[in-house]
Amino acid sequence: RYCAHVLFIRGNLQSAETEVTWMSDETFLPQNYIFKTLSFFLFSSCFADVTWKVKANDRPYHQLPEFKKKVFLCIKKSKYSGNAIKTYKYNFLTFLPLNLYEQFRRVANVYFLRVPPNVLLEEKAKWREIQVGDVVRLKKNDFIPADLLLLSSSNPNSLCYVETAELDGETNLKFRMGLRVTDERLQEDHQLADFNALIECEEPNNRLDKFTGMMLWDRERYPLELDNMLLRGCKIRNTDWCHGLVIFAGGDTKIMKNGGKTRFKRTKIDELMNYMVYTIFALLILVSAGLAIGHTYWYEAIGTKAWYLFDGKDQTPGYRGFLSFWGYIIVLNTMVPISLYVSVEVIRLGQSKFINWDLQMYFAEKDTPAKARTTTLNEELGQIQYVFSDKTGTLTQNIMQFKKCTIAGRNYGDPTTAEGVSLERGKLVDWSWNRYADKKFQFIDHSLVAHVRSKKDKDAMEFFKLLSLCHTVMVEHKDDDLVYQAASPDEGALVTAARNFGYVFLSRTQDTMTIREMDQEMTYEMLALLDFNSDRKRMSIILKFPDGRIRLYCKGADTVIYERLSPSSKHKETTQTALDVFANETLRTLCLCYKDISAEEFEAWSRRHKEAQVTMNDREAALDAVYEQIENNLMLIGATAIEDKLQDGVPETIAKLAKADIKIWVLTGDKKETAENIGYSCSLLTDDMEIHYGDDVNEKLTRRQASRRDDPQAYRRGKKKTAEPFFPGSNKNALIITGGWLNEILYEKKKKRRRLRRLRLKRRQPPSNPQDGQPMDDWEKEMRQTDFVDMACECEAVICCRVTPKQKANVVSLVKKYKKAVTLSIGDGANDVNMIKTADIGVGISGQEGMQAVMSSDYAFAQFRYLQRLLLVHGRWSYIRMCKFLRFFFFKNFAFTLVHFWYSFFNGYSSQITFEDWFITLYNLAYSSLPVLLVGLLDQDVNDRLSLKFPKLYIPGQQGTLFNYKNFFISLFHGIFVSLIIFFIPYGAFLQTMGQDGEAPSDYQSFAVVAASSLIFIVNLQISLDTSYWTFVNCFAVLGSIAIYFGVMFDIHSAGIHVIFPSVFTFTGVASNALRQPYLWLTIILTVGISLLPVICIQFLSKTIWPSVGDKVQRNRKKYEMELKEDDDKKKPAPFQRGRRSRRSAYAFSHAQGYADLIASGQSFRRRPRAHGGPQESIREIPRREAENI
């Protein structure tokens, strides 16, 4: 009756009444039904937020009013998303407003109202017809269209293999299983059509490692977990067909919940330019208003009294001042850079093309060039402060190679002959004697092959027999070839190594394993399989040999194996020495051992094992305890060393970026030990660094939080206080934290909503104890996040392991939010897309995990090592060029425009222009545009090789020293100074003059020609002084601009064109008349000289007395180029440098639990000891490990 009451409250009303009637009858109540009912009660109590219901084969059910949600005002729609995914940015209604919004974010476009066209793109897919509750059939190599509940498949027990590279970046296969009841009853089409189960599960979320639900079918309830789900984005492999029920579709799927929105990215310089345009607007208005006021007073004092100024209009001085204000807005409008953004876009387009054309970023092996997929972010590449990188496929090739081993105290793997003579350069072993050998496997120690083939070295034979038997690898026979499917690349590499040495794994059943030992095929009975997990760090198999012997084979991390060795085990010290050497070479190590077991001992242990398998209380702990009883007194055989092959040039790239003061964070879904090992391999972590883990980090954050609570006045809200460093001293530090620990820092919004909902329902009391170590309110949570970012940024390197795609993006957001830093994310898989979109710059690597990362990126190339060239060469050049262009562009516009300002003091503030109309029109278009444009495209302070040799040259870009408000005002005052010289020196020269022929060319038009000619010379010579890299094109542009000016001026001042257009060309004969006077040429020379002399002096003094790093490199450029040439001539492969510290955590094993649950027989197969396996372990550590870190 209690159970029925619970069902009546928690369950569906109609089904609950049925259960009540049935249970009220005096019929026998099965024990398993009571258990399942109680399980559902616990499930419902623990997951009160479970409101997602899916009815199989019933689309109208999901349109019921109870499943509607409010969209806008009274408009409602179903909360179940369709399966269509919109990848376009605009639609028909939003194109115009959104596009205008993005264009007007550039302030100058508000002024000029110029809106460029855009393109609408839409992707369509057949998947869009799928809806929640549909049953779908998938075939081999199909991508999964939605999040499905696996019902049945072509494999026994509804087993289905999936490739999850798009989700977690791992290329090894995972397995999924259907429930026993669906496997038995849903094989035929008519059975699937009649399927009418109701699924109750958690709401859509972004957790790739978790799914909890219940299936109600024919009055029975069945628990659902992640192992029963097929997630969108995965690919069906090694399974002919399978059936699934759609649980989440479209935007509700887990992969879409992990995908970030497409953000409109803008550079720091763009934002700064907007503020500078605001400043120019304000300056324009103030200057125009001041001159308008001046005109008002001038006209009232002088204009009304001068009869020759009377224009016949009866206008008050105030009204004339008002008209003068708008007149000066028009005259001085060139102060606002009309052509600035056009020129900027041309420069960015050119810089993008240079990236695309760079042959040193071309990967010939895959015919993949670098690709700039955007033209708006190039200069931001020169300001990167933090790089967030994926590991698998980005830093590594995700290819495991068996490199070395130690057997019975003897090391193998170095270049050696068959007789054991060491060589300087090895020759690859010829595997032609083994028809089963993998031709891609490479090994250079011939002595080990000779020992194995001689069959005299029993230890070596036992070593490879263990590798061929102690694993959970599945095998397929394809075209007379063996294809291994392993739970991790590590395990596949070990079985492949045994295969090449003559111990070939051929097949397995639930109870047997068959291998080929050299020329003899042997079958062993498998009595038990003790699978790997992150806590055990080992796996074992118990086999019965053909002669009746029972032996346990075990392989695992040295830290756990050495604790379980027998006191009589040999070679412990020599093996440990070899492990230290392997670890210092950043190889992933495993210890191999065995134990002979008597029949009586095994029988007793087997009974305890079966009891642990069916226990209801903490089954996992019970199994671990039973495993401990048999995994002891082991005999050591040796150890393996596997190389997780890095991409070429990764350590050198990371070292170069570190010298450029770029901090690198690695965000990966791999386990902590693997991530740490790769950190040492790629030189991200070094032996002189002190590594801090989750518990240490949590202790420091709690201590800082406690001090804040003890002294609330010092840390009161809104008051900034310089915090003490978390790591005082000069030592280098590194952080290694897990995704589970990050959950306590990130405080995702959904968790906040859940807490608020529980508070409203009074299911949880608010924390009242300030000493519990947890934040009490949102402000403390934000301060905790700030503390974490501050601590992490004090470190030389940060590694976050077991993180989900959403967590990767959240970590990037934290650094952007609290450090205001320019960030770059780089990855190669779909699990990196959100991180790539969140960062200021996203870089995609076209690797083995598809093209999703590339399609979402701003820049793409094939290898991580190209990142140093992208940043230190193209990024730095782009930033320097853009800064130099902007500084000069503002200068030349101020120098040109403010001449009108000085002239206004002599024309009654009447909005009279200084220059000819055509000169004003062509100044920015033809006379001064090309030289500065070429500087923005081609200039370079040092060449690419010196840029890579001296990474410190990158630091000015990070500090933003080359273009900021200081540089803007320097350009402004420089322009004011030059405009003063351009106006007043010719003005003084024209006051009292007389020409050679007795004429006095001191008229307004001659003055305009002299001032304009001086301006053209000054502007073009000034850009020549600022040019660091001279080419023929630059010379042609400078000289050509001056030539174009004089050519056009003489043409438009000619009498012929005046006759044709008398009202348009009014400066008839002015140029020829004025420029034939020598003293006017002297005036031009004097004006140009006085304008440029201070600039030359300042540049000379700054480069002599206060030289920058770039100045020093430029000064010694020839010397450094000679050194580089000599280095190329003498370049030889550097000898391997062994580290000084032994790291015993560098063990190689599956990133997730293996296939032991599939291999084990009967009840053990269906009652798995772990409720989560496979991919869950690839994302998050088990709760006990999280507790240790937190």
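From the backbone N, Cα and C atoms, a Cβ is placed for every residue, glycine too.
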Of 23-43, 464-484, 590-610, 1052-1072, the range TrEMBL tags as transmembrane segment is 1052-1072
Binding-site residues considered: R588, R802; fewest surrounding Cβ atoms within 10 Å belongs to R588
Between the C-alpha atoms of G669 (ATP binding site) and D390 (active site, 4-aspartylphosphate intermediate), the distance in angstrom, to the nearest integer, is 9
For D828 (Mg(2+) binding site) and R588 (ATP binding site), the CA-to-CA distance in whole Å is 23
Looking at the binding-site residues T392, N831, the one with the fewest other Cβ atoms inside 10 Å is T392
Least Cβ-packed of the recorded positions D390, F532, D832 (other Cβ atoms within 10 Å) is F532
One should report the C-alpha separation between D390 (active site, 4-aspartylphosphate intermediate) and N831 (ATP binding site), rounded to whole angstrom, as 9
Students should find that the Cβ of D828 (Mg(2+) binding site) has, within 10 Å, a number of other Cβ atoms equal to 32
Averaging pLDDT over all residues of the domain 'P-type ATPase N-terminal' (55-113) gives 67
If you measure between the CA atoms of T392 (ATP binding site) and D832 (Mg(2+) binding site) and round to the nearest Å, you get 11
In whole Å, the longest Cα-Cα distance within the recorded ATP binders D390, K391, T392, E491, F532, K555, R588, T668, G669, D670, R802, K808, N831, D832 is 33
